[in-house]
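Database features (Swiss-Prot):
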- Arg79, Arg104, Asp131, Pro132, Met133, Leu134, Ala135, Thr136, Gly137, Asn138, Ser139, Asp200: 5-phospho-alpha-D-ribose 1-diphosphate binding site (BINDING)
- Ile194, Gly199, Asp200, Ala201: uracil binding site (BINDING)
Amino acid sequence: MDGVTVIEHPLVRHKLTIMRKKETSTAGFRRLLREISTLLCYEVTRDLEMTMETIDTPLETIQAPVLEGKKLVFASILRAGNGLLEGMLELVPSARVAHVGVYRDHDTLEAVEYYFKAPESLDARLVIVVDPMLATGNSSIAAVEKLKERGAKNIRFLCLLAAPEGIKNFREAHPDVPIYTAAIDRHLNEKGYIVPGLGDAGDRMYGTK
């Protein structure tokens, strides 16, 4: 599928299966989300640009590769996106963090924005937007639009699960933003949930209903 990368690493697939199980506890779900987010982050940052730097090892001076340019920005779509942040920040502790408060109205399924806070110089940074679920795509579309309004030009979207409907909507709205996901499920049900899915990621992560 054009513009969509499915990360099919065996560890990702295994952990995702356990997360799908309805009997997986809140603590277990949260731990697995942290673990899988680290693996997903590894893949979404695979092609970051490098530059050479002169360093001194205990034995000699050498030219060695380091990341080029300004630090990354991880943009979390609240609240469930925060579940992906912890593992990603363990891998890239120097990353800046943006928070985009968007929730889906359960009656209209439309996105409602309520909060936005982001680092400066978004135009000079790679921004990786994170949300466990790409369902209708409305929240993600709105979040990316807000980031673009604030200057972001180089954006990637990372999620755990995606529905074909959400992918279609997102790609139509933001064809310049590639999607990275651990799996593409069958469809959305009448309530806008991904099927077979894993339920509401935020509720399962925080033990709420």
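Heads up, the Cβ atoms here are built off N, Cα and C, so glycines get one too.
Not measured: the values here are computed from a predicted model.
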Winner by Cβ contact number (other Cβ atoms within 10 Å) across the binding-site residues Asp131, Asp200: Asp131
From binding-site residues Arg79, Gly137, Ser139, the one whose Cα lies nearest Ile194 (uracil binding site): Gly137
Which same-chain residues, if any, lie at least 6 apart from Gly199 (uracil binding site) yet have Cβ under 8 Å of it: Lys22, Tyr193
Uracil site, defined by Ile194, Gly199, Asp200, Ala201: further same-chain residues with Cβ within 8 Å of the Cβ centre: Pro132, Met133, Leu161, Tyr193, Gly197, Leu198, Gly202, Asp203, Arg204
